[in-house]
Every structure is written in structure tokens, then in C-alpha cells.
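Below you'll find the structure, written out as C-alpha cells, and then a few comments.
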Amino acid sequence: MVLSPADKTNVKATWDKIGGHAGEYGGEALERTFASFPTTKTYFPHFDLSPGSAQVKAHGKKVADALTTAVGHLDDLPGALSALSDLHAHKLRVDPVNFKLLSHCLLVTLASHHPAEFTPAVHASLDKFFSAVSTVLTSKYR
């Protein structure tokens, strides 16, 4: 999915507003994912998946850091996320549908923390961005 110049502006502006909360929001989005879609827990059998878990928060920070990298490379997502795509496709073998589930929970988390900024245009831009990231992360599955 191609991001328009307006989408790129919206994504960058939103990520700037998130600032130092990206890791926190990543952890919260993972908690939402595990609660809403329990089958996603199967990829983390060694984690304490209880609310507020340090392991979930740490992995949420990894997710947020990867998204921050993607935001910094909106014109070359495949290049920026190539190693992560290899990891998820070849080593972790994450079912691609899980990226959509996490993307949804990321949108909910961001909307709950920034309701005034979460306009329909921003929502659409972030949805397209998360979809583009998901597409890149699943590109090596073929």
C-alpha cells in the first residue's frame, strides 16, 4: 500500500506526539492483543503474559522501536524492515494474520491515549502505515 504525502505527514506527526510513550503504548497494545485474541499468546509460551508483565512491556518496546524505525524510513520500508521480516518469516514463523490483529490493537491504544489528535484522516493514515508494515513483514513468507 502506497502512503501519500499526506499520510506520511500524518504518521510522522502522530509518532512525534507519541514521543517517549511509544514503548509503553507498544506494551499496552500487546496486552490488548493477548486479551482480545488469545491465540496470539502461543508465540510467547515462555513469557509471563499477565497484565503489567515486564516481559510484555519489553517486547512492546521492541515493537515500538521497530515502528519508530519504519516511521524514519517511510520511503523504504522493505529496506528498513528486511531483517525483521526474515526473523518473523523464517525463525519465528508468525502467522501473518497476527500482524493485522496487533495493528488493530495499536490503533485502539493510540486512539485511547490521543483522542483529540485521532481524526479520521490520521486514523486512515496510521491504518495504511500499519498495513504497509505488515505487508513488508510478511513479504518473505512466499
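For all residues, glycine too, the Cβ spot is worked out from N, Cα and C.
According to Swiss-Prot, the protein carries these features:
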DOMAIN    2-142  domain 'Globin'
MOD_RES   Ser4  phosphoserine
MOD_RES   Lys8  N6-succinyllysine
MOD_RES   Thr9  phosphothreonine
MOD_RES   Lys12  N6-succinyllysine
MOD_RES   Lys17  N6-succinyllysine
MOD_RES   Lys17  N6-acetyllysine
MOD_RES   Tyr25  phosphotyrosine
MOD_RES   Ser36  phosphoserine
MOD_RES   Lys41  N6-succinyllysine
MOD_RES   Ser50  phosphoserine
BINDING   His59  O2 binding site
BINDING   His88  heme b binding site
MOD_RES   Ser103  phosphoserine
MOD_RES   Thr109  phosphothreonine
MOD_RES   Ser125  phosphoserine
MOD_RES   Thr135  phosphothreonine
MOD_RES   Thr138  phosphothreonine
MOD_RES   Ser139  phosphoserine
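Taking CA atoms as the reference points, Lys12 (N6-succinyllysine) and Thr109 (phosphothreonine) are 17 Å apart.
Cβ neighbours of His59 (O2 binding site) (same chain, under 8 Å, six or more residues apart in sequence): Gly26, Gly27, Leu30, Phe44, Phe47. The Cβ neighbour count for Ser139 (phosphoserine), using a 10 Å radius over every protein chain in view, is 16.
Here the C-alpha separation of Thr109 (phosphothreonine) and Thr9 (phosphothreonine) works out to 20 Å.
Local packing around the modified residues Ser50, Thr135 was summarised as the count of other Cβ atoms within 10 Å of each Cβ; on this measure the leading residue is Thr135. Across the range of the domain 'Globin' (2-142), the DSSP-based residue counts are 110 helix, 0 strand, 31 coil. Counting other C-beta atoms within 10 Å of each candidate's C-beta, the modified residues Ser36, Ser125, Thr138 are led by Ser125. In this structure the alpha carbons, written CA, of Ser4 (phosphoserine) and Ser125 (phosphoserine) are 9 Å apart. The most densely surrounded of the recorded positions Lys8, Lys12, Lys17, His88 is His88 (count of other Cβ atoms within 10 A of its Cβ). Figure note: comparing Cβ neighbours within 10 Å for the modified residues Ser4, Thr9, Ser103, Thr109, the maximum is reached by Thr109.
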